[in-house]
């Protein structure tokens, strides 16, 4: 009895100690303190009064207290779920985060944050979500023209959401979001770049796309949930209206109504405004000051023209003066630090354009900046360096036979070699100012295609002096629930080459294949279907003397996703990814990772708000009917 009482006291004390240190935010927790007190009473009564059976009364109560403590711990799960998601008629499973002190800052993962946002949608339906976040890897192409080189760490994000209207109906993919997160530890900055957002148009109204995008932006903008060790965050995107992005042939579905160019820019402006207002609301009462800045540019439009163009689709909202939109680029302000660091050795040295503007894949700014980098003054685009002549057979004996002409070709070779080895930015990259760059962007590529395009940026800065335990973690350390970047590429490849969403039947089949692909890759089983290729594609060159390539190698080559932008170049050379060894191995996905971090579902049952158009129609029907008299034209008498 004494040993049992001592064990109860030690367990209850340990629970109270560690729960008070973790500060979970829940005040009422089950610790089993009552059973410990009764155990102590049994020992005291037995030791002081051994000749009677008073201790036996407490002994019989002790067994029932154990049972009640176990039932109380089980019943407390419902209250914890309600505190985590107080919406009525909704439920989602809380994730199981490993109890490692290295990742204690993860209060909620991305999957649970997105599922929680879906509980606010009206209607009765069920959503199935897959959130794929790759492990960080080294990336040197974010600022390829910076001096010195700026090292960043890249993570890929892919979010797929399918809808199920009834328990017996099939699932249909309705929304997909592709994004990237760039972490720059040298400046404690991060960039969230929204690459593509697409929908199939086969969901129940209202669509979950806007809710998911807002939840994703808030998850990284809020420092309490941001999984990246960065004090400052920039959210950037390029808005360009297209009928489809990632859902192949979804534009052929009659129910899909993609937004126009002006409507899309207004939609993104409303989303960014909602995120800024929510961040302001969350920062109230916080000790650390928070700075938020909003920027947008419509190339080819002045500030007054842009404001009036988006006014019909973006009505005025009650925003404070701190979050008014600034028409222009964010690279001249000083309130929020920029991601790329300057040259600490020479602070007075002029910074080139590549140290301000980041380079993203399939982005018009990056392509235009590459063109500026290889423009050499009045001669136009700089030619590539002259190749060195092939040496004769006697070169192996130390002789160098190079053709030298009389017109100065040898001098040109030396000059080209010098330029090639020079690490300074080429062309006008160091001469063009940021303001001039954005003015010239109005006449470049997609910006002059006849449609309205927009560049949007949201900057969030949090100035804190306390130590953040995330800063002590290596930026390459994988976090729980992350997958390999190859898995994201494989899923996108299957989405863009193996399925289509032109009809409902094909969308149902595509949803089964894509969701089965993700689960199969997590289980280590390759269930990716071979894409139907209607046009011939080039095959990799084979060596006639060597063995023929296997079918798996050929399929892997055919599954390569198409690359829209040209290869990235820096100083006339193709950029090579950093191949230095990674101290952390690639994460291996499992079924437990799939169930705890990747896949989740939520059932919602919320009232549907009354439609304004329906109420207007009811008002119109209440008015007395009006008889319209038609006038017939008198026929002319034929003579």
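Glycine is treated like the rest: Cβ placed from N, Cα and C.
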**Request:** Looking at the candidate ranges 10-28, 29-47, report the one that TrEMBL labels transmembrane segment.
**Result:** 29-47
**Of 233-280, 281-328, 377-424, the range TrEMBL labels region 'Disordered'** = 377-424
**Request:** Please work out the mean pLDDT for the residues of the domain 'DUF6534' (4-79).
**Result:** 81
